[in-house]
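Heads up: the structure comes next, in structure tokens.
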Amino acid sequence: MDVFMKGLSKAKEGVVAAAEKTKQGVAEAAGKTKEGVLYVGSRTKEGVVHGVTTVAEKTKEQVSNVGGAVVTGVTAVAQKTVEGAGNIAAATGLVKKDQLAKQNEEGFLQEGMVNNTGAAVDPDNEAYEMPPEEEYQDYEPEA
């Protein structure tokens, strides 16, 4: 149980770092979130490790795609990763779901809320849009 909580704590640090910083925080948050999820994954049953590693990699990819975009989107991505790791741990019997709910009451971010302030967010909200490819131009420096 302590291992799982330590992993979630590291992932939470990543979420907090993203909320406090902009572009620099995004990269740091991705690393810390991945570190926390991998920590949990390395301590769970062998068959689950691959799944947790995949979740961590996808989170890192999503955060990289966000770049300097709105931090709320990054927070939602990181929060979903933490929730996914919790669900994996609960499914393997590492922790009980009621223990996860208790941790949420003690300070972990609630789904759909920003830093437990009561400000609602849409976790499925795409905080950025990629422009159509025809808007891109190749740049060739002058010689």
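Cβ from N, Cα, C; glycine included.
Annotated features in Swiss-Prot:
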type: BINDING; residues: ASP2, HIS50; note: Cu cation binding site
type: COMPBIAS; residues: 123-143; note: compositional bias 'Acidic residues'
type: MOD_RES; residues: MET1; note: N-acetylmethionine
type: REGION; residues: 20-67; note: region '4 X 11 AA tandem repeats of [EGS]-K-T-K-[EQ]-[GQ]-V-X(4)'
type: REGION; residues: 116-143; note: region 'Disordered'
type: REPEAT; residues: 20-30; note: repeat '1'
type: REPEAT; residues: 31-41; note: repeat '2'
type: REPEAT; residues: 42-56; note: repeat '3'
type: REPEAT; residues: 57-67; note: repeat '4'
Around the Cβ of ASP2 (Cu cation binding site), the count of other Cβ atoms that are within 10 Å: 7
Model confidence over the repeat '4' (57-67), averaged pLDDT: 61
